[in-house]
Amino acid sequence: MKRIQIIDSHTGGEPTRLVVSGFPSLGRGTMAERRDVLAREHDRYRTACILEPRGSDVMVGALLCDPVAPDAAAGVIFFNNSGYLGMCGHGTIGVVRTLHHMGRIEPGVHRIETPVGTVEATLHDDLSVSVRNVPAYRHAQGVVLDVPGYGPVKGDIAWGGNWFFLISDHGQRVAGDNVAALTAYASAVREGLERAGITGANGGEIDHIELFADDPEHDSRSFVLCPGLAYDRSPCGTGTSAKLACLAADGKLAPGVVWRQASVIGSVFHASYELADGGIVPTIRGSAHLSAEATLLIDEDDPFGWGIGS
């Protein structure tokens with residue numbers, strides 16, 4: 001019987017499952033190198049944690065690792081039901097809040113190593129978390145593609161830690177009771193991008209689709225389709241970072257000004273940025289709440305022990 005220790009949290013409704021122990025050793029390389037080892041040699045541990053019957057399509061996993069740098073608080077590898085994520089904003093907020101719950105950190109500034117670089121996270125006295133993300137930038141503006149059933153769609157391609165296609169003029173109602181229609185639309189857009197061979201820089205797969213709409217109480221409301229056809233319950237940290245990159249490029253948001261980004265279910269991140277060479281460095285602030293501590297049991301005789309569909 002294999003045992004995996006986990007602590008669950010949610011950030012604005014979006015769950016994060018922190019794996020504390022039970023995964024095989026991945027060596028002492030960078031988080032990117034360890035992610036590659038995990039994907040190549042031990043991927044069934046990801047599926048056991050995230051796929052049914054223990055997980056769900058919406059859950060994001062975060063493997064807690066010893067950091068490379070001595071001044072880093074932790075290393076982390078993010079994954080979901082379809083594979084691995086370079087960075088995860090809501091997940092980082094959840095990880096930092098959980099590290100405090102574990103007694104490993106106190107309020108202050110902490111460095112967290114991820115596969116796409118080291119991010120700075122501030123745990124505030126009220127236990128909210130600000131994440132100073134990796135640099136974000138807009139790769140392409142006003143990209144038009146034809147989407148069967150919907151016609152021409154125009155959007156921007158931006159990097160915020162993952163690759164996004166951001167659409168403001170879409171004709172869809174961004175609301176919690178319209179998720180099925182939003183998912184169908186965003187999925188069709190993603191398929192259209194793949195069919196047209198449209199990518200991020202260096203052929204990076206655009207695996208996140210983000211739709212924006214006006215919000216009566218905040219600066220914007222968004223719907224984010226993540227890899228694997230799950231939608232983000234939170235405003236999406238990397239997606240908000242990509243949005244800030246586009247706003248900055250258009251001259252619509254000045255450095256240091258707070259942008260209030262609501263999610264499709266109404267949870268909110270507060271975001272701002274500072275300028276950097278060729279782009280911006282976003283900071284995302286939100287709150288996470290602890291929801292469970294558990295030991296996952298994997299019986300080798302269980303036909304679904306490593307996840308349904310694994």
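Glycine too: its Cβ is placed from the backbone N, Cα and C atoms.
Pulled from Swiss-Prot, these are the features on record:
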- Cys88: active site, proton acceptor (ACT_SITE)
- Cys236: active site, proton donor (ACT_SITE)
- Gly89, His90, His208, Asp232, Gly237, Thr238: substrate binding site (BINDING)
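Known features from Swiss-Prot, placed on the structure.
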residue : record                       : Cβ contacts under 8 Å, 6 or more apart
Cys88   : active site, proton acceptor : Thr16, Val60, Ala62, Phe78, Gly161, Gly237, Thr238
Gly89   : substrate binding site       : Val131, Asn133, Gly160, Gly161, Ser234, Cys236, Gly237, Thr238, Gly239, Thr240, Ser241, Phe269, Ile284, Gly286
His90   : substrate binding site       : Thr11, Gly12, Glu14, Thr16, Val60, Asp232, Ser234, Cys236, Gly237, Gly286, Ala288
His208  : substrate binding site       : Asn162, Trp163, Phe164, Phe165, Val224, Leu225, Cys226, Pro227, Cys236, Thr238, Gly239
**Message:** Can you tell me how many other Cβ atoms are located within 10 Å of the Cβ belonging to Cys236 (active site, proton donor)?
**Reply:** 34
**Gly89, His90, His208, Asp232, Gly237, Thr238 excluded, remaining Cβ within 8 Å of their centroid (substrate)** = Glu14, Cys88, Gly91, Gly160, Gly161, Asn162, Val224, Ser234, Pro235, Cys236, Gly239, Thr240, Ser241
**Request:** Please work out the number of neighbouring Cβ atoms within 10 Å of the Cβ of Gly237 (substrate binding site), leaving out its own Cβ.
**Result:** 33
**Prompt:** Where does Thr238 (substrate binding site) sit in the DSSP three-state scheme?
**Reply:** helix
**Prompt:** Which has the fewest other CB atoms in a 10 Å radius around its CB: Asp232, Thr238, the listed binding-site residues?
**Reply:** Asp232
